[in-house]
Each structure stands twice: as C-alpha cells, then as structure tokens.
Amino acid sequence: MTFNVNVLTIFPEMFPGTLSHSIIGRALNKGLWNLNVIDIRSFAKDKHKTVDDRPYGGGPGMIMKADVIGSAIDEVLSKNKNTKLIYMSPSGIKLNQDISGQLTHFSNITILCGRFEGIDKRILDFYDFHEISIGDYILSGGEVACMVLIETCVRLIPGVVSNTQSIRDESFTLDYKLEYPQYTRPAKWRGLEVPDVLLSGNHKKINLWKANQSYCITKQRRPELTGTIDGDIYE
C-alpha cells in the first residue's frame, strides 16, 4: 500500500522542500509514498485570488476564507472520499510517535496548512478534521509543521529505513523512552573515552547499559514519560 499525502497550502513552491532529500526523498522517488500539493489560492474566485479577509468581531490579522478552503477540500474529497483530514494547529493534539504510526495505516491523508491568524472555524465544523500540533510554539504557517508530520510518518513505512532496528531503537519508539547515547570511532577523543562496556563485546551487558541509560535520560529530561516504563529493571 502506497502512502499518499495531499497538502493544501497557499505556498505550493515550498514543497517538497526538505522532503526531497535523504531517505525521505529516496522513498518518494521509489514510489513508497506520493505527494500531491494543491494551491489553495487557485480556488479563489476573484481576479486577485484572495484567500483571506478581516475577522468578524474585530481583532488583529486576517483569517483564511472558508469558501476558498472548502472548494479546495471538496476537490480532494471528490477524488478520495476516505482521505484522513488533518489541520496543523497549535491548538491540536501534540504529535508523538504513536500518532505518526497510526496515520501510516491510512492509504491517503490530507494536510491543511494555515496562514495569517488561522482559518475560518467553520471549516473545522463542517469537515471531519483532526487537529495536530508539533509543539507549544507559534510558526508563521503550517507548512513546516506539515513537513515534520510527513517525515515522522514516512520514516515508519516499511522499506523507507533499511535498518528496521534503527526504528525500534530510536527515542519514543520503545516504551516511550529517549534514546541511549551513541558513540563511534575513535575510542578516545580529546581525553574523552567511549564507555568500557560498549567495547567489551558482552551483548547482555551492553543491552542492559543501553536500557539503563535510556531510562535515566528519560527520567531526568522527560519525567512525564517514565510513567509508561517499568523502572524496577533499570534501578
């Protein structure tokens, strides 16, 4: 099953952007996932291709128009009525690895990228959108957040990352722990040495060290995640 992604944006030239590089770009070229970028502005009816207007009730900035966005969404739905609709929003559920994994089970998703002060709320009321946030901060638009979401999903598609163990060992993938420290050659650098256990060849001890490091780092930096981990085996 190919993972198909539709992106609704007023800046189609931003795509594929970073998604055309490295393993994500190679997967795109191989057809492991498809990208369909739709210019919202092309659905505006006036000669100026207006996509925004002043907010009712006053307030700063401009709001993206429901009629224009709605026409763009209808175009997507006419070709795939079962596409999963997603709106990148700081008010949404915070993205995590589990959400990304769930989204890869859909053959077609559509991501709406807002701009200005946001979109007319009636879009979210009329269509079955799922709002997703990539963090507690504000960006100028949804395009960068959209690329983050796409990359987190595409990496989980079978065949994209050649070493599946890399996926299993990454932060948040296994029991929501942060990843353990990594080292490579040389064994000594500027007075700093690789931990002896990693040079021992004893895989049982190495695995225990990795698990312990992962747990301790998670407990120190993201203590809210340790509630999902059985700490008795690490402490």
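Glycine is no exception: its Cβ is also placed from the backbone N, Cα and C atoms.
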One of Gly114, Gly159 listed by Swiss-Prot as binding S-adenosyl-L-methionine at the site of Ile134, Gly135, Asp136, Tyr137, Ile138, Leu139: Gly114
C-beta crowding around Tyr137 (S-adenosyl-L-methionine binding site), within 10 angstroms: 7
Cβ atoms near Ile138 (S-adenosyl-L-methionine binding site) (within 10 Å, other residues, all chains): 6
Neighbour-count leader, CB within 10 A, binding-site residues: Gly114, Gly135: Gly114
Residues that sit under 8 angstroms from Ile134 (S-adenosyl-L-methionine binding site) by C-beta distance, when 6+ apart in the chain: Met88, Lys94, Leu95, Ala145, Val148, Leu149
Pairwise Cα distance maximum in Å, S-adenosyl-L-methionine-binding residues per record: Gly114, Ile134, Gly135, Asp136, Tyr137, Ile138, Leu139: 16
Residues that sit under 8 angstroms from Leu139 (S-adenosyl-L-methionine binding site) by C-beta distance, when 6+ apart in the chain: Ala145
